[in-house]
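Structure first, then comments.
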Amino acid sequence: MANAPHGGVLKDLLARDAPRQAELAAEAESLPAVTLTERQLCDLELIMNGGFSPLEGFMNQADYDRVCEDNRLADGNVFSMPITLDASQEVIDEKKLQAASRITLRDFRDDRNLAILTIDDIYRPDKTKEAKLVFGGDPEHPAIVYLNNTVKEFYIGGKIEAVNKLNHYDYVALRYTPAELRVHFDKLGWSRVVAFQTRNPMHRAHRELTVRAARSRQANVLIHPVVGLTKPGDIDHFTRVRAYQALLPRYPNGMAVLGLLGLAMRMGGPREAIWHAIIRKNHGATHFIVGRDHAGPGSNSKGEDFYGPYDAQHAVEKYKDELGIEVVEFQMVTYLPDTDEYRPVDQVPAGVKTLNISGTELRRRLRSAHIPEWFSYPEVVKILRESNPPRATQGFTIFLTGYMNSGKDAIARALQVTLNQQGGRSVSLLLGDTVRHELSSELGFTREDRHTNIQRIAFVATELTRAGAAVIAAPIAPYEESRKFARDAVSQAGSFFLVHVATPLEHCEQSDKRGIYAAARRGEIKGFTGVDDPYETPEKADLVVDFSKQSVRSIVHEIILVLESQGFLERQ
């Protein structure tokens, strides 16, 4: 029999509200609607299907404050992660939202009405406190970056009534709700289930770890990977799920089941581990594996880890009696070539030879080198290689930034010709003036409009890069915020190289044959970069060149050398 849900009752709002679906759907059409973001959709789905039991909605201020301060809901139940619905003052005013208002929650992907929320309260969170207490306070932590840069200024708390399930079109048969997974376990006769959380591909070490955990508890295995929002730069879930499916037959017959979890991770380390344990308990698991640096985001720019390697294990251990799910603490396992076996690192005798492959080394080997079978299975490697083609066939973006008349356009055109001569991929050119004319003709030159212009360039560059093209963009891009946005966006699809064309302003003015700088100096043009609007020097350029001291040919050659050093120009 599956484990009891957290709080004693599975809050399956979809099943609870199904008899009233027609009535609720009709009402939802008449209410003010709030369109949810991708993260809010992930949260709503797990609220409605009971994955976040005992929650029945987005947290009001009483629940939010106590979760931040004490890892508990207002009623005393352990819960470690704030589940909140953020909204701007503009939306609150436009929709006339207040306590007791009923609003429709809508899916941004297809405009379907998913739920009705009855507002308990609207409150301004203390983001500084949330960042410190929940995530540790490091401003580089991805959840804190999201909190400070994306989350709106108010939270809306209230209970949910379910109208429609979210639509999914990928791996539908593997997207078990908690109730469905519990029924599945009962059909199989499973009474002890060890859940394994992952956001990465699984290799032999993971198989060995989970089999050891199951055998030590005389249990079965639930492979429960996250397919919602994970860490930027992670391998896409389509590739990962194919790899999990390929791995499944390597388990002893009947030992393991694969189910997908549409969770939006926060990478919250200790807090996240407690949250993950609650979610797996709600899905019927009796045991949960918490490994080294569970749900941690790695390290900051100084190389400092956000969390200690076993902080997550200690956090879950603290609440184990109240959580009602047994934590299986596992250290890393490593390969012993002399005996052809895996063992936990703390069980390896001193002096015994071990082998391992780091994530960085694996990425290198996926492109061109051999991956031994002791590390991963051939069928898994094949799938990963299909989604990680050699650098020579991948897309990339060269982003040139600098003052007007710094030489960006001449460099970009010459680079385009050079790359076309090399062959192997299509080459797209996004010059500043061309983009302004074709994509951003209605925009002015305020800071907001300039940022919007770069966002549009980044969108186009991202999609072209994803399709395997070489993209050369050459806007002025005077603001660090905009350049960082472009790097982050394109890096989801391929490689991004920022080239600072650091030609001095004096040279740009002196060689300006069109007289644009002179007109700006006379006050005829307002908001002109370098005259009455600043150019923020790039903090992390991949290459710095100077058109006043170098020729176009030498600059293009430097860029080509950067690409060649990264393997983008190797012949196949």
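Each Cβ is built from the backbone N, Cα and C atoms, and glycine gets one as well.
If you look up Swiss-Prot, you'll see 1-169 marked as region 'N-terminal'. Annotation source Swiss-Prot lists region 'Catalytic' at 170-393. The ATP binding site annotation in Swiss-Prot covers Gln197, Thr198, Arg199, Asn200, Gly291, Arg292, Asp293, His294, Val333. What Swiss-Prot lists as sulfate binding site is Gln197, Arg199, Ala295, and the listing cites experimental evidence. If you look up Swiss-Prot, you'll see Thr198, Arg199, Asn200 marked as active site, on the strength of sequence analysis. If you look up Swiss-Prot, you'll see His203, His206 marked as site 'Transition state stabilizer', on the strength of sequence analysis. Annotated site 'Induces change in substrate recognition on ATP binding' per Swiss-Prot: Phe330, in sequence order. The annotation region 'Allosteric regulation domain' is assigned in Swiss-Prot to 394-572. Annotated 3'-phosphoadenylyl sulfate binding site per Swiss-Prot: Asp433, Thr434, Val435, Arg436, Arg450, Ile476, Ala477, Arg514, in sequence order, evidence recorded as experimental evidence.
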Site of maximum Cβ density within 10 Å, from binding-site residues Val333, Val435, Ala477: Ala477
Pairwise Cα distance for Arg450 (3'-phosphoadenylyl sulfate binding site)/Thr198 (active site) [Å, integer]: 39
Cβ neighbours of His203 (site 'Transition state stabilizer') where a neighbour is any other Cβ within 10 Å: 20
Among Gln197, Thr198, Arg199, Phe330, which are recorded as recorded positions, the nearest neighbour of Val435 (3'-phosphoadenylyl sulfate binding site) by Cα: Arg199
PLDDT averaged over the residues of the region 'Catalytic' (170-393): 93
Binding-site residues clustered about His206 (site 'Transition state stabilizer') [Cα within 10 Å; pool: Asp293, Val333, Ala477]: Val333
Those binding-site residues listed as Asp293, Asp433, and which of them has the most Cβ atoms within 10 Å of its own Cβ: Asp293
Integer Å distance between the CA atoms belonging to Arg514 (3'-phosphoadenylyl sulfate binding site) and Ala295 (sulfate binding site): 55
Cβ neighbours of Arg450 (3'-phosphoadenylyl sulfate binding site) where a neighbour is any other Cβ within 10 Å: 22
Number of other Cβ atoms within 10 Å of the Cβ of Arg436 (3'-phosphoadenylyl sulfate binding site) across all protein chains: 14
Between Gly291 (ATP binding site) and Thr198 (active site): CA-CA distance (Å): 10
Span of the sulfate site, taken as the largest CA to CA distance across Gln197, Arg199, Ala295 (Å, rounded to a whole number): 9
Nearest of the binding-site residues (Asp433, Arg436, Ile476, Arg514) to Arg199 (ATP binding site) - Cα to Cα: Ile476
